[in-house]
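Features as listed in Swiss-Prot:
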ACT_SITE  76  active site, charge relay system
ACT_SITE  151  active site, charge relay system
ACT_SITE  175  active site, acyl-ester intermediate
């Protein structure tokens with residue numbers, strides 16, 4: 001019962017072939033069996049889950065259900081939810097029970113979706129491997145010696161392991177797309193401002209965006225329909241008419257122009273990644289898509305620009321964790337200043353501290369112009385590159401990561417880890433939508449994904465292209481043993 005896609009589960013629930021309680025119980029049993037080794041979930045509450053499932057069954061019986069009523073979903077630990085611990089995988093918030101619910105979570109609760117639990121992540125979403133979690137690293141379900149990716153690694157792992165039909169993640173520099181690639185699932189980062197950030201704990205506010213993670217592009221489209229929309233509680237939320245993101249799922253690819261950025265197909269990629277790209281190119285050609293070379297010359301500037309800007313925003317956002325009103329507080333201190341210092345020293349992990357220090361440095365007097373202001377200018381150049389490319393093509397095909405998932409504990413420096421985000425970060429700098437879908441396997445049997453990038457508000461076009469690829473391939477249907 002836990003093998004269903006979100007769409008399949010929806011059909012079975014609406015036709016009353018299964019009940020929401022039966023489905024939730026099956027997932028809870030699978031979680032109890034497999035999660036201790038996977039560590040994908042960090043918070044489970046069976047009583048809350050089953051109460052939501054019973055309410056969903058009542059709603060279905062009364063005939064006022066939505067297509068998502070009764071379908072289980074997992075939430076990355078970055079989303080606040082009333083009555084649930086919302087820790088952001090940090091010691092700083094280990095004891096924080098949220099008094100309110102994030103808009104995206106509330107949207108899915110209003111649809112009648114059933115909360116399975118809260119998934120592991122890199123602390124405060126800062127990381128690419130899920131090793132920065134206070135609760136220990138989540139494992140890759142294809143090989144537990146390897147990382148699931150980050151920062152939404154737990155969400156990717158539980159969907160891949162069939163411990164949830166779908167999950168919500170967040171993407172600041174690739175945190176939906178990179179773990180989706182490493183775990184062999186589909187995940188989409190929408191256009192910045194399309195999905196409300198209210199109740200999603202802030203890392204870098206001008207980058208953060210929530211999005212769905214599931215087995216298929218069709219599932220992601222269905223979830224995206226439910227979570228998008230203007231929210232007056234989020235000042236960056238865009239006022240636009242609601243879209244149907246499933247509208248292009250059956251659109252053929254004939255004549256669609258796909259750009260191949262020459263800077264993304266170089267020697268920095270592993271042979272496995274190049275094979276996955278070629279697999280996708282062959283599928284696109286077979287369906288009549290037109291492939292053209294484009295250039296994104298500022299790609300090499302995206303990493304330094306991102307880590308200056310995101311760290312600056314993180315340093316500001318994380319100043320709220322001081323031990324005064326909520327979260328961890330040091331047990332012993334002589335005065336207020338010492339309490340602040342000890343609380344933050346004890347509560348934050350090493351990667352979070354590193355980014356706070358980088359952010360404080362680049363915003364400091366004498367360095368603001370040299371780093372922060374220059375990075376903002378580079379951000380515009382990166383965005384302009386994409387607009388030049390989209391004048392010639394409809395979508396861009398690119399790698400998601402230069403390699404398959406690395407091993408847990410791989411001796412990589414912070415800079416090497418940052419460089420693994422080279423293909424995802426530029427999309428966040430520009431605020432564009434992008435989707436990762438499975439496109440093959442490494443020689444070691446690990447999934448490898450590719451990403452489709454679109455212009456602003458082209459989510460339906462991206463999802464349609466991904467769906468057509470998945471109708472003609474079966475990588476998304478593979479699952480770990």
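Placed from the backbone N, Cα and C atoms, the Cβ positions cover glycine too.
Annotated features, which come from Swiss-Prot, shown on the structure.
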{"residue": "76", "record": "active site, charge relay system", "Cβ within 10 Å": "28"}
{"residue": "151", "record": "active site, charge relay system", "Cβ within 10 Å": "35"}
{"residue": "175", "record": "active site, acyl-ester intermediate", "Cβ within 10 Å": "37"}
In whole Å, how far does the CA atom of residue 151 (active site, charge relay system) lie from that of residue 76 (active site, charge relay system)? 9
Tell me whether residue 175 (active site, acyl-ester intermediate) sits in a helix, a strand or coil according to DSSP. coil
Sort residue 151 (active site, charge relay system) into helix, strand or coil using the DSSP assignment. coil
Give the distance between the Cα atoms of residue 175 (active site, acyl-ester intermediate) and residue 76 (active site, charge relay system), rounded to the nearest whole Å. 11
